[in-house]
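One structure below.
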């Protein structure tokens, strides 16, 4: 096995240092050290890199959706004001959004993150079956931002658990996710600044490609999100079930959870039919987190209650950040 101590100088008295560094690079803490969790595999990953990957995934989603909605506004003369608002440059807001969302996802425990993923998956299936395709799909993409971040974190926990050098794997994933988010952000900035000129002049390859195939962005996002949430749902079920010692404990947890989520979905479907706008979205978030809070008061831990409040802040932050895009979806 690769070890730093095998090629670094064997300095007297520093063998423990090489051993500690090797363990940290593998995402582990040596036995006997403070923070050692030998035998506990409930959360083996470093939370910050996983949260960063989730935040970058949300950033890519918003950037691509912004490109699609901006192109729709350009093609509609009645939405020129909306186009100008969307094209307004806010150079510091996007890095701040990624940083705050990374912190939130790093603080949220795997148990609450898994519940958020399962709740959104059920809500998404219900919405797709009741509303079908169309403009509502774009709104659903925006409403899944925080759930997507939680899903990516759960998926990483599921896929990398027990892997050697998982810290290196997470660092590589975070670097690649950051690079992808940066390029998606540059694409959105390029489109908002130059798409109208380049699409008319027909000399920019990127804008010509978007002119010909920009309508396929929602389908691309739908397929990517379906795959992401399929893996995240499996990971979420596994992360929740590992806390139960018997089938009876699992039944006592999943029964009220299923009833609670079913009632929430029914309520939110009726609410969305009766009214639209930003108010109903924020009310829905409060109702969802309130239902999860009450559920975890009976079958959860005190740390889960804290993580619910952190999740509420994450949901509200994502919705506030994408307010312009939500307005554009509602006007379609």
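Every residue gets a Cβ built from N, Cα and C, even glycine.
Keep in mind it's a predicted model, so treat the numbers as computed, not measured.
TrEMBL has this to say about the protein:
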SIGNAL    1-17  signal peptide
TRANSMEM  51-71  transmembrane segment
TRANSMEM  92-118  transmembrane segment
TRANSMEM  138-160  transmembrane segment
TRANSMEM  167-188  transmembrane segment
TRANSMEM  251-268  transmembrane segment
TRANSMEM  280-299  transmembrane segment
Do the transmembrane segment (167-188) and the transmembrane segment (51-71) share at least 3 Cβ pairs closer than 8 Å, excluding pairs fewer than 6 residues apart in sequence?
yes
For the transmembrane segment (138-160), sequence-distant contacts whose Cβ falls under 8 Å of one of its Cβ atoms, 6 or more beyond its ends:
43-45, 47, 50-51, 53-55, 57-58, 61-62, 65, 68-69, 101, 104-105, 108, 110, 113-114, 116-117, 119-120, 124, 127-128, 166, 169-170, 173, 218, 221, 225, 228-229, 231-236, 238-239, 281, 311, 314-315, 317-319, 322, 325-326, 329-330, 332
Six or more residues beyond either end and a Cβ under 8 Å away: which residues meet both conditions relative to the transmembrane segment (92-118)?
42-43, 47-48, 50-52, 54-56, 58-59, 146-147, 149-151, 153-154, 157, 181, 185, 229, 232-233, 235-237, 239-240, 243, 257, 261, 292, 296, 300-301, 303-304, 307-308, 310-311, 313-314, 317-318, 321
Near the transmembrane segment (280-299), which same-chain residues lie under 8 Å Cβ to Cβ, leaving out any that are not at least 6 residues past its ends?
112, 115-116, 119, 143, 252-253, 256-257, 260-261, 263-264, 267-268, 271-272, 305, 308, 311-312, 315-316, 319, 326
